[in-house]
Every structure is written in C-alpha cells, then in structure tokens.
Amino acid sequence: MSQEFAHLSVLLEETVGGLNIKDDGIYIDGTFGRGGHSRQVLQRLGENGRLIAIDRDPQAIEAAKQFADDPRFQIVHGGFGQLADYVEELGLVGKIDGVLLDLGVSSPQLDDAERGFSFLRDGPLDMRMDNSQGETAAQWLARAEIEDMAWVFKTYGEEKNARHIARCIAADRDKTPFLRTKDLADLIARITKNKERNKHPATRVFQAIRIYINSELDQIDQALEGALTILAPQGRLSIISFHSLEDRIVKRFIRRHSQGESVPHGLPITEDQINKSRKLRAIGKAIMPSDEEIERNARARSSVLRIAERLDY
C-alpha cells in the first residue's frame, strides 16, 4: 500500500473480533477508509464469505482497488447512512452477519491539507467527506446567519464561546472571506481568551463544521436503524466512536433496543411479550484502547468500541 493510503486502524483486533466472523458470513464495513478493517475481515472469511464495503470518499474508493481481485469483496460509493438501501438492492435483508462502523474522519483525510479537515495544515476550507459534491465549509461560512453558526458550534462542537465566535466570523467575512483553514483557525485563536491546555482553540469549531457539512450524526442514526432491519439473528454491530456526541448516540441506541419497549406499570402484559420487543443485547462493556495502542497511535486516545448482537425473536 502506498504511503498516500497509509492508515493505522484503531482497535483493529477488538473491532473485527467483535463481529464473531463466520466462514460463509456476509459482512458490511460501512466506513472502508483505507481498508484496514476490511483486510482483517477478509483474512478471517472463508472462500464463500462476502464483504460489502461502503465509503463516500472518492479516495477511499480508489484505495479499494487493492481488493479488486478478491471475488468476496465489493465496494459501494455512498454514505453508510444508506447501508440498508444498498443491502435491499442486493436482496440481502435479514442475511447480514455483521456491520462494522469506524466513525468520524480518517487519518489520511486529516493529513491531506487539500481536504481542509485540519486546523494544523493550511489548505482549502472544504471538509466534505465526498469532495465531488455538496457545499464546502467555506461556502457555508460565507452565507450562514450568526444564529445558525452559533447553533452548529454549540450543538456539534460543544463550544462554550459559540456565539462570540460566530459574531467574529460574520464581522470578518465582510472584509475577507474565509477560504483557507488557516484563516479560520487564526481568527479563533486570536479571539479566544481562556485557552484549554494542550488543545487548539479551533478544535471544537472545526469538529462542529465538519459534522454539520457531512450530516455525520444523521448518518449514524440512519445507519443504526438500518442495521436493525438487515442483520440476521445473532448478527453483530461493532462500532467505534471518537467523541462524546457519536458515542452517546451509539450507547443510547444499544440501550434502548436492549431494554425493549417501555410500557405503563400495571398493564396486563407478560414479560415474554416485553422480551419480544428487545432487538439487541450488548456484548460486554465499552472497550477502550490500551496504553500500548495509544503510544503507537495517539489518535486512538479518544476511541470507544461498543458491540451488540441482534436477538432472534
């Protein structure tokens, strides 16, 4: 694999192991990236197994050519939020043995200045996962109302100074538009008074804009609900999150479908009927990276893996 596609997959063994792979199983890697997790899945599959990978990044689709000669593998160019639609088109609803999701932005995307994801590298203020379509971060910042920007920064970045930053962006863009990552990062650094130790002042705003531009949290919601409809009995969900907003969605989803439907106290309903509404069971507790993995790959530090299994009722 070329250096351009180099990428260290986080919690690799734990995530793929959590799928409990069967020789002839059918699996989905909803976030192909540079293929680290897919490679491990293929190594564990038998010759009759199948892996469907999904990614909306054109560079990831290019990277998938490394598996072009493997008849068990296919790649779909699209968002993982639509995974149930792709599976339905393939006639595989109820036959999927596992879904893997590695959420957030990948290292190659962060490291490529031209993608505009990082405040540490100057490049076009883009931030689109699929840079062949949609509105860029620069275009959104040029038109967004102060209230809208403040809401995005607060909701998706948990930024305490959301309104102040939004006002400053609106005031400055009338003189000079924000076209580069450095333009935005420098402004935020300049106007932020109480800086967090070991954290760039622009971290939360960049995260918020990226999540908004790519509808990332909506994609997660859609993917999780879709996974329930396509998983076979005992099929597994193996999901890596990188910040609290992502993990909160995954955690609540698993909890909600593990507990079954809530019914008012006193209704004449049996425990068996309640159990039938349970669709998942959590497999163990949340898994964090080891100190050794964090030392090898600092970006693993905030990762959280959650695994769940589709119940057979």
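In case you wondered, yes, glycine gets a Cβ from its N, Cα and C as well.
Database features, via Swiss-Prot:
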BINDING   G35, G36, H37, D55, F80, D102, Q109  S-adenosyl-L-methionine binding site
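Taking the features listed in Swiss-Prot, we show where each one sits on the structure.
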residue	record	Cβ contacts under 8 Å, 6 or more apart
H37	S-adenosyl-L-methionine binding site	S9, L12, T15, V16, D29, T31, L100, D102
D55	S-adenosyl-L-methionine binding site	T31, F32, G33, I61, A64, I75, V76, H77, G78, F80
Q109	S-adenosyl-L-methionine binding site	D57, R115, F117, M129
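Ranked by how many other Cβ atoms sit within 10 Å of their Cβ, the binding-site residues G35, G36 place G36 at the bottom. All protein chains considered, the CB of F80 (S-adenosyl-L-methionine binding site) has 27 other CB atoms within 10 Å. Close to the recorded S-adenosyl-L-methionine site, the chain also has S9, D29, T31, F32, G33, R34, S38, A53, A60, S106: residues not among G35, G36, H37, D55, F80, D102, Q109 whose Cβ is within 8 Å of the site's Cβ mean position.
For the S-adenosyl-L-methionine site listed in the record, the two most distant Cα atoms among G35, G36, H37, D55, F80, D102, Q109 lie 17 Å apart. Of all Cβ atoms in the protein chains displayed, 25 besides its own lie within 10 Å of the Cβ of D102 (S-adenosyl-L-methionine binding site).
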